Amino acid sequence: MMNLEKNFDKTTLFNHMRTDKRGKCSDLNEYGTSCDKTTAVEYNKVHMAMTHYECNERGINFSRKSPLTQSQRTITGWSAFESNKCEENFSQSSAHIVHQKTQAGDKFGEHNECTDALYQKLDFTAHQRIHTDFTAHQKFYLSDEHGKCRKSFYWKAHLIQHERPHSGEKTYQYEECAKSFCSSSHPIQHPGTYVGFKLYECNECGKAFCQNSNLSKHLRIHTKEKPCDNNGCGRSYKSPLIGHQKTDAEMELCGGSEYGKTSHLKGHQRILMGEKPYECIECGKTFSKTSHLRAHQRIHTGEKPYECVECEKTFSHKTHLSVHQRVHTGEKPYECNDCGKSFTYNSALRAHQRIHTGEKPYECSDCEKTFAHNSALRAHHRIHTGEKPYECNECGRSFAHISVLKAHQRIHTREKPYECNECGRSFTYNSALRAHQRIHTGRKPYECSDCEKTFAHNSALKIHQRIHTGEKPYKCNECEKTFAHNSALRAHQNIHTGEKLYECSECGKTFFQKTRLSTHRRIHTGEKPYECSKCGKTFSQKSYLSGHERIHTGEKPYECNVCGKTFVYKAALIVHQRIHTGEKPYECNECGKTFSQRTHLCAHQRIHTGEKPYECNECGKTFADNSALRAHHRIHTGEKPYECNDCGKTFSKTSHLRAHLRTRSGEKPYECSECGKTFSEKSYVSAHQRVHTGEKPYECNVCGKPFAHNSTLRVHQRIHTGEKSYECNDCGKTFSQKSHLSAHQRIHTGEKPYECNECGKAFAQNSTLRVHQRIHTGEKPYECDECGKTFVRKAALRVHHTRMHTREKTLACNGFGKS
């Protein structure tokens, strides 16, 4: 703090004391001030805080009576002085006198250059200095503190006040909290901020303010007053008139009138000429005005000299402070001519007006999409760049938008501040609450302009419109595959990372997406919250309900552009299109086999894991697929829903019906690429091809014997279990295989359906016919490893081997071999 030696005579002391508006000076004892005895008594009233006058309303003490009187008038609103002409009231005599001079036209002086009228001598003297063209030696007070700015002042007091931010000096201290200030007005304004004491109250709404100027600004909200009228153009402004006049002021170069100041004229000329003589030594940026340079330099110094007296927030520019103060006053001076909505900032009004004009001036250089706001364009750019500058401190996840980060952080805090009035359900986001409330109202305000379909959410409409446009704005950085939905991209990216974030607590199954986990949990809980209004059937997922409702309406909105076939579900269309493209995007990690559907891959993988999660409630038998369980259930119920239109025969499985139809038609569309043999079913081809490859993927877990077919393995396993589940109704004999039972029943019926084409002989079993046909063909497929003799039947080979070679070996071992 600066040490100043001050010598006062009585008059100077009186003026010194008047600078302290509350009658109290802070931290002045260290100045070393000296005065005569009489003056010292008066001086001590100030510096020893001899406060004889106390305000009963506010509890504040004063050293003199006049500040107390003024304080009480402020609180009570009492005005002692009334104007004779306009009946305006004043609480101070000085203000009353000045007002009367204004009314009477009694001017202390009128300046020749600008005809401004001044009613007080002090004002007139100060005003003259504005017009006088002072030379360097006539500007008596020059700032040279630390060589900062060399700004000159007409008043020494202004110089001292100006130098304090350079020196860091804060001479005035508020004794309640020891906070120091550069200006004497700041500790006067500060107590109201410190104790929450706001003297100036609005009569309309009751809002209170620390400063009368802020109250005056606030009152304009109620009065709609725009006090500054410019005679030149007739427009009125809530902001100062001078600022507007600067924009209207013109000079000879641009066809207008002259400037009031030479410096203003020169500054304006630089703008027209593009001249920028003032350069920042930090970054080299140039400016046309020194004031602009000084304001810019605060970016480098971090200086924020303008402080809000309401909340103590600081700003680098005075204009920023002025705009900020509207937060406290509630002033919204910028009004929309179209809808009457008012705004705190002019920039906010301009942005709002684009709603009415439809203007979108900001265009994306990558995809040519346009936006109404520059901030929206910057946010959109991050889709193309992949930039996510906002990172969560809890989990490290990054986001493209700060609003999304803030919303995400509620996951960690578990905060759900938005509650539904109808059902009491709470939400993390306000948008989620609004969307939820449409469930209660049934409102769907968003309509597709192409197909007139309506949606409850705007986001759902935007996603839907991509069906018509074919737009896929989300691209994978790894494989460059594009997606219509961001969620689909995120799910896809987990294929590359292998990451599965969400785990089911019941069964441990993991999912890429939280929504998938929520849906999966309903398997365990049995919850089916979505009900069909037509038939009452319930579903675990909303998409299932939507698809089901199309059964009632007959709607099939998804059409194949290759063959014209239509589908109820889009997923069914996508799967169908793979028939035309031959695409099989799902590959088994164990054996490399590929599938066109994910469900087929999942079912296939259970072959390797042995998992059978679907259990029959009747017999306890387990299955790898839910469809297999449903088909099995029909054994217990006897249901055969699939009927042949030609012969009326019914089947429990649709695959059995298709196979039956091919038997009648003789169709065999599936051909083996190795030998050209054709089959009526695709599964038969797959099974047959194992003859060529020698593959036997099904292994018995008891004896380890491998099999080419799963059905063969199941039959084999009955040897170990002794199971014979197929019983003859005629004689009660049981069999391990259904085919054996069918063959046996022909003994009772005498049926011989298999006939030889060569000789017409008929047989009860197909295997017997095949053996018989070898008589005509001469085929003997079974060869003895010992002697090379061949046989028609496998049984004949076994008999030969036992009788001839096994007997010979036995005799040789006993010493009866050939000599």
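Note that the numbers count up from 1, one per residue, in the order the chain is shown.
Placement of Cβ uses the backbone N, Cα and C atoms for every residue, glycine included.
Residue ranges 41-63, 754-776 are listed, and Swiss-Prot annotates 754-776 among them as zinc finger.
Only residues 6 or more beyond the boundaries of the zinc finger (670-692), in the same chain, are considered here, and those with a CB under 8 A from a CB of the stretch are 655, 658-659, 662-663, 708-709.
When Cβ-Cβ distances below 8 Å are used as the criterion, the zinc finger (558-580) is approached by residues 547, 550-551, 596-597 of the same chain, each at least six residues removed from its ends. Looking just at the zinc finger (642-664), the mean pLDDT is 84. In the zinc finger (586-608), the DSSP tally of helix, strand and coil residues is 11 helix, 4 strand, 8 coil.
Below 8 angstroms of C-beta separation, residues 771, 774-775 of the same chain, each at least six residues beyond the ends of the zinc finger (782-805), sit close to that stretch. Long-range Cβ contacts of the zinc finger (390-412) within its own chain (Cβ-Cβ under 8 Å, at least 6 residues beyond either end) map to 379, 382-383, 428-429.
For the zinc finger (390-412), DSSP puts the residue distribution at 11 helix, 4 strand, 8 coil.
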